[in-house]
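Colleague: Can you read through this structure? Questions will come right after.
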Amino acid sequence: MINIRFPDGSIREFEAGVNSLDVAKSISPSLAKATMAAYIDDQLKDAKDAINSNCELRLITVKDPEGLEILRHSCAHLLAHAVKELYPNTEVTIGPVVDNGFYYDFSFKESIGEADLPTIEKKMKELAKKSAPVSYRVVPKAEAIEFFKAQGENYKVEIIDSIADEQMKIYTQDNFSDLCRGPHIPNTSVLKAFKLTKLAGAYWRGNSDNEMLTRIYGTCWATKEDLEQYLNMLEEAEKRDHRKIGKVLDLFHFQEDSPGIAFWHDNGVRIWRQVEDYMRASNNKYGCSEIRTPLIADFSLWQKSGHASKYAENMFATKSENRDFAIRPMNCPTCVQVYNTKLHSYRDLPIRMAEFGIVHRNEPSGSLHGLLRVRSFTQDDGHIFCTPEQVEEEVILMVQQCFEVYKDFGFNDFAIKIALRPENRIGDDETWDKSEQMLKNALDANNVSYELLPGEGAFYGPKIEFHLKDAIGRSWQCGTIQLDFSMPQRLGATYIDKNGEKQVPVMLHRAIVGSLERFIGMLIEHYAGNLPLWLAPVQVAVMGISNNQDDYCKEVFIMLEKNGIRAKLDLRNEKIGFKIREHTLLRVPYLVILGKNEQEQKIITIRKHSGEDLGQMSVDDFCAFLDKQIQAKE
C-alpha cells in the first residue's frame with residue numbers, strides 16, 4: 001500500500017500501481033471525467049501513469065490552465081489524425097499549443113485551402129466520438145527513428161535526430177501515432193468543443209530556406225459554451241482588426257519592398273506623436289533624461305553584451321570597410337555606452353535614462369502581423385543604473401508609472417507576472433536568485449499580486465510583465481521591467497562606492513508601452529478605431545451645409561487650430577448628409593456643422609461621432625469643452 005497526500009493536506013491509502021484516474025474515480029465519477037493529468041510530486045504526468053510509492057498528488061482538470069493546455073495539445077494530435085485519415089500521403093511535422101488554441105504544420109502532397117477545413121473538422125469529430133484510449137510507449141531513439149521512417153514521416157525522423165535524449169515517447173490513439181513529450185488526455189471523447197479557424201503558410205523550422213508547409217490553426221475549449229463565447233470574440237476582433245481600420249483611417253500601410261516595417265501616413269503619425277509626447281512627459285515626471293544612440297554598432301559590442309551568442313539569429317548584420325556591424329535588436333548596450341562616458345559616484349545614483357530607440361529584429365516572415373509583429377519598431381526604453389539597495393524603490397516607482405500610463409490610455413484591467421530564469425541565460429544561479437527575489441520584494445512592498453512564469457525571463461535577467469485586458473477581453477503582454485546584474489559588468493559600467501571602491505551598478509530595463517507600433521495597433525483594436533479625443537488624429541471636422549458658408553467654415557477652422565485642436569476643413573461641394581456619413585466612418589469625434597443661421601449668429605452646431613446632437617455654442621466655449629476632455633484623457 002502507498003500513501004497519497006492531497007493539496008488539502010489529507011492523506012489516503014491506495015494499492016501500489018494505482019493511477020491518477022483511479023484516484024479521481026475513488027473521489028467522484030465527475031472528477032474522473034474532468035481529469036486530464038496530474039502533478040505527482042510536482043511532476044506533470046499522464047492520468048494513467050502508475051503511482052508506485054508515497055507521493056503528493058494534485059489532479060489537473062479542464063478547469064486548470066494546465067488542463068486546458070493538455071486538451072488543446074491533444075486536439076492538435078486529433079487534427080493530425082484526421083488529416084492522415086483524409087490525406088494519407090501527407091507528412092506531419094509539429095503541433096504545439098498557442099494562445100487560445102493550437103496549430104499543426106503539414107506537408108501536403110495535394111493542394112489544400114480554407115474550403116477544406118470543414119471536411120477536416122468533420123473527420124476530427126468522427127474520430128473523437130470513437131472514444132479511443134490515448135496511450136504511450138517509451139522506446140529507444142533508434143527504434144523511434146525506424147518506426148517513423150517506415151511510415152514515411154521524414155520530418156519526425158529529423159526531429160528525433162535533433163533531440164539529445166536516448167528515449168522517445170510515442171503516443172497512440174486508434175491507428176494514429178505521434179512523437180510527443182506529453183502528457184495527453186486519457187481518451188479522445190473529451191474533445192467536444194473545438195473548431196478549425198484558419199490556414200496559413202509556414203516554413204519548416206521557421207527557416208525561409210526550407211520547404212513551405214501548410215499550417216492549420218484551431219481552437220479548443222472545455223465546453224461548447226466557452227467555444228461559442230470565444231468564436232463571438234473572434235468575430236468582434238475581426239471587426240476591430242487594426243489593419244482594416246488602419247486602411248479606412250489612412251494611418252499606415254505595409255508592402256513587400258520592406259516586409260514587416262510600416263509606412264506611416266499623416267494620420268498615423270499624428271497618433272504616434274500623441275503617444276510619444278505623452279510618454280516623454282511621463283518620463284520627465286519620473287526623472288528620466290532622454291538620450292539617443294546609434295542604430296548600428298560594431299559586432300564586438302554585441303559579443304560583449306551577450307547578444308551575439310544568445311540572440312544572433314534575430315539580428316541583422318552588415319559589413320563596412322572590413323568591419324562587422326549589427327543593426328541593434330535592443331537599445332540597452334548602446335545606452336550603457338552613454339553611462340560609461342562619465343565617472344559616477346554612488347551619490348549620483350540612480351541615473352535614469354529614456355530613449356525612443358528604433359530596433360530591428362529578423363522575425364520569421366510567417367510570424368509578421370500588421371503592427372503587432374514587425375521587424376522594425378520603436379521601443380520606449382528606460383534604463384536605470386542604481387545600487388542594489390535602490391532596486392526595490394526604483395521598481396516600485398516604475399510600477400507606479402506603468403499603472404498611471406495604462407489607465408490614461410484606457411486600460412484599467414491588467415495582470416502582473418514575473419518571468420523567471422530561462423534555460424538559455426547568462427549569469428550564475430546566485431545572481432539569478434538575488435534578481436528574482438528583488439522583483440518579488442518590490443511587488444510585495446507595493447501590495448501587488450502577481451503570477452510566476454518559470455523559464456520565461458530574458459537571457460540576461462528576470463522581468464516583471466504587464467498583461468493588459470482590452471475591451472473584448474483579450475490579454476496583451478505589454479510593459480516589462482527587467483533586472484540585470486550581468487550586462488553592466490560585461491560592458492564595464494561602474495560607480496565609486498562610499499569606500500572609494502569600484503562597484504558594478506544594477507541595471508533596470510523598462511519599457512511601458514513597449515513597441516510604439518504594437519501599442520498603437522492595440523489602441524486601435526481596443527477602441528475599434530474610435531480613439532479618445534486626445535489621441536484622435538482628427539479631433540473635429542468642420543463642414544458647411546452649402547458653399548455659401550465656406551468663408552465662415554474657414555474662420556472656425558482657423559480658430560480651432562489656433563487653440564491647438566486637430567481639425568479638418570471639408571469644403572467639398574457635396575450634400576451635408578454625405579459629409580456627415582463620411583466623417584462618421586472616419587471616426588472623427590466631433591463634427592461642426594455650419595449653416596446660414598450659424599454664420600449669422602457666429603455660433604456653431606456640434607454633433608458627436610455617435611450621432612448625439614450637442615446643440616449650439618460659441619467657438620470659444622467649444623474649445624474650452626474640448627480642452628477639458630483632452631486634459632482629462634477622456
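Counting begins at 1 with the first residue displayed.
Heads up, the Cβ atoms here are built off N, Cα and C, so glycines get one too.
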Colleague: Per Swiss-Prot, which one of His184, His509, His526 shares the Zn(2+) site with Cys332, His383?
Modeller: His509
Colleague: Using a 10 Å radius around its CB, how many other CB atoms surround His509 (Zn(2+) binding site)?
Modeller: 23
Colleague: State the count of C-beta atoms found within 10 angstroms of the C-beta of Cys332 (Zn(2+) binding site), not counting that atom itself.
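Modeller: The Cβ of Cys332 (Zn(2+) binding site) has 23 Cβ neighbours within 10 Å.
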Colleague: Going by DSSP, is His509 (Zn(2+) binding site) part of a helix, a strand, or coil?
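Modeller: Strand, per DSSP.
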Colleague: Using the centroid of the Cβ atoms of Cys332, His383, His509 as reference, list every other same-chain residue with Cβ within 8 Å of it (recorded Zn(2+) site), in sequence order.
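Modeller: Nearby residues not in the site list: Met330, Asn331, Cys335, Val336, Asp381, Gly382, Gln482, Asp484, Met487, Met507, Leu508, Arg510.
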Colleague: Over all shown protein chains, what is the count of other CB atoms within 10 A of the CB belonging to His383 (Zn(2+) binding site)?
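Modeller: His383 (Zn(2+) binding site) is surrounded by 26 other Cβ atoms within 10 Å.
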Colleague: Just to be sure I understand, if DSSP states are collapsed into helix, strand and coil, how many residues of the domain 'TGS' (1-61) fall in each?
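Modeller: Here the numbers are 14 helix, 29 strand, 18 coil.
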Colleague: Across the whole of the region 'Catalytic' (241-532), what does the mean pLDDT come to? Round it, please.
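Modeller: Averaged over the region 'Catalytic' (241-532), per-residue pLDDT gives 93.
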